[in-house]
Every structure is written in structure tokens, then in C-alpha cells.
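Single-structure report; data block below.
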Amino acid sequence: MERLTVTLGERSYPITIAAGLFNDPASFLPLKSGDQAMLVTNETLAPLYLDTVRSVLEQAGVNVDSVILPDGEQYKSLAVMDTVFTALLQKPHGRDTTLVALGGGVIGDLTGFAAASYQRGVRFIQVPTTLLSQVDSSVGGKTAVNHPLGKNMIGAFWQPVSVVVDLNCLKTLPARELASGLAEVIKYGVILDGEFFSWLENNIDALLALDEKAMAYCIRRCCELKAEVVAADERETGLRALLNLGHTFGHAIEAEMGYGNWLHGEAVAAGMVMAAHTSERLGQFRAQDTQRIIDLLKRAGLPVRGPQEMSAQAYLPHMMRDKKVLAGDMRLVLPLAIGSSELRGGVPHDVVLGAIADTQQAQQ
């Protein structure tokens, strides 16, 4: 079992990583006998895990209700979140309830925002079931829903009280979803840890084969890196923005193509290549390092260019609505070397457009 802590003073919380956690009531602490909980999951995951998690909580004496939402990024909306509020009010659940987010990034983000909003804030536990949510979105307290004009534009910072990572969930994960999660894994190596990036180059096949030892180390290292960043910059005033490498380009792809048509990790993968080409054009990143990123993404089964039907100009309106934009200045996370990155403002639009063109036209 791997266990680490996100250190945020009184709001610190544990991350527990192991196979078989769903069978142990202690995994879901601080829930205890007599507590009330609302399990939030989706139609795909409910047949796989809902009864197991409900049963282990009920064995611990927790009073459990559940709400099952439709599955997909397109349902990460205010309208669907209202379904959660209705379920909470109908039971009813008070301010002492705990929401349990049983799912991937969509369920985690939506449930977290519902927890932040319901009766001005209730506890919630993250139980991430996808690799992407296990290494990234479940840690750090960013919660949100999408708006037709932008991804994650309506939300709040609201930390969970615990993160429960059961490695067995990855056994039911479609290959495309596994690859999507590996995009965020690779991102950590690019922005923060060159040694981890090299480890990934040597172990990507083991991760794709769901080798338990390799996967446990991978998830722990990603969570360690994110926990360090969140502890230093919870509200994303500086350092935490580095975790958005590839996301400004990637969110543009997701919004333009329609939420759910490109998985988040797929869009981020293409966005990382665009960010690398942008940094190359600014003279601060080596072409051979861009190629290392491309090669690793391809080995992980990820796209290394954006949609062919999306012009370079189509990116800019979406990118100018990015949350990192300040006073009309598009700020981008750019790699400086494998394991080092910066948040840079004042990047000329012609450089960005050229980098997108480089990505789309390259013989990769």
C-alpha cells in the first residue's frame, strides 16, 4: 500500500494507493458509523463498482444513498449537477453529509463542485477510477463544470477529505482511456521531473500492460509531484499553473470539436506538442526534446497533432478565454527542458499559430 499526504494545514488529506481498497471500510475514512453519504457515479461504472462500495460503507454503519449520472464529458454541466442537488434535497441530506465521487474526472470535478456548493459546502471523498483522475484531477481541490464557451469555467477550489485509489479499477478501463491518462503522466515528467520522464521512456510498455508494481510507482510519483505543487500554490497564483502544460491548446480542441469527441488526455497530448513547438520557435527548447515527447506520446497510443479539420486560427478564440489570460495577455505553459517549464506571457500570436502549423504539418 502506498500512502501520502497533501499538506494544507487543517485541510490536509491522505491519498491511499493499493489494489483491493474497495473491500476495506477503513479506506473510506473519515466516514464512520452513523454518518450519511451520497455516492455519485455514472451509468458505465455503476454496474461495476456501485454495489461493492455501497456494501462496504453499509457494513461500516454508514447510511448510503446514490445518484447515477449519464457518462461523458458533455454531461459535465450545471444541468446535470442539479440532478445531484435534487437527490440530496429529496432524501434529505444535511450539512453533515459526505459526497463520494466514484468515477473519473467528470464525476470527480462535478461532485466536488456540488460538494462545494451544497448548503455552502459539505465534505467529499474522491474515489478516482480512471488513470487520468488517479494521477491528476482527484488531487488538489479543483472542481468545476463546463460551459459551452469554455471548459471548467464554472467551479471552485474545494479540497476532498480523502483520495482512494484502487488499482483494480484500471483492469476495466478501455485502452483509449488508459492512454488518455498517460498523457497527464507524461506531462509531469516534462514540466517537473526529467528523471521520471526517463523512467517513463523505459517503462511505458509495463504501464500499458498494467504491471501493478510499475503502475503503483507511477501513480504515487505523479501524486507526490502534484501534492508538492498544490501545497506550495493551492489557488494557482503561480507554480500550480505549470500543471496546465498542453491544456490551453487542448481545451481549445475539446471545445471546438465538441466535449467528449476528443478525450481530455488526447487533447492535452496534442497540446503538449504544440507547446513544445512554441517554445522551440522562441529559442528556448531543443528540437530533439520535442521529438522525445512526440516519441513517448506515440508509444503511449496518443495523438501528436490536433484535428486535421481544425484550422490554426480556430484555436485562438478558445485560447483567449483560458483562465490564465490576464488583461488580454495569453499566458502559456512552455517547456524549457525535459523536467523544467515556465508560465510565459507576451507570446506573439503569430508564434502560436506557427507552432500549431508546425505540429500539424510535421512528419512525425
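Note: Cβ is positioned from N, Cα and C throughout, glycine not excepted.
For reference, Swiss-Prot has these:
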{"type": "BINDING", "residues": "71-76, 105-109, 129-130, Lys142, Lys151, 169-172", "note": "NAD(+) binding site"}
{"type": "BINDING", "residues": "Glu184, His247, His264", "note": "Zn(2+) binding site"}
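Taking the features listed in Swiss-Prot, we show where each one sits on the structure.
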| residue | record | Cβ within 10 Å |
| --- | --- | --- |
| Asp71 | NAD(+) binding site | 18 |
| Gln74 | NAD(+) binding site | 14 |
| Gly105 | NAD(+) binding site | 25 |
| Gly108 | NAD(+) binding site | 30 |
| Thr130 | NAD(+) binding site | 29 |
| Cys169 | NAD(+) binding site | 24 |
| Thr172 | NAD(+) binding site | 13 |
| Glu184 | Zn(2+) binding site | 26 |
| His247 | Zn(2+) binding site | 26 |
| His264 | Zn(2+) binding site | 28 |
Local backbone state of Asp71 (NAD(+) binding site), from DSSP in three classes: coil
Nearest recorded site to His264 (Zn(2+) binding site) by CA-CA distance, among binding-site residues Gln74, Gly105, Gly108: Gly105
For Thr130 (NAD(+) binding site): DSSP state (helix, strand, coil): coil
Listed in sequence order, residues not in Glu184, His247, His264 with Cβ within 8 Å of the centre of the Zn(2+) site Cβ atoms: Leu132, Asp136, Ala183, Lys187, Gly246, Gly250, Gly265, Ala267, Val268
Rounded distance in angstrom between the Cα atoms of Glu184 (Zn(2+) binding site) and Gln74 (NAD(+) binding site): 20
Nearest of the binding-site residues (Asp71, Gln74, Gly105, Thr172) to His247 (Zn(2+) binding site) - Cα to Cα: Gly105
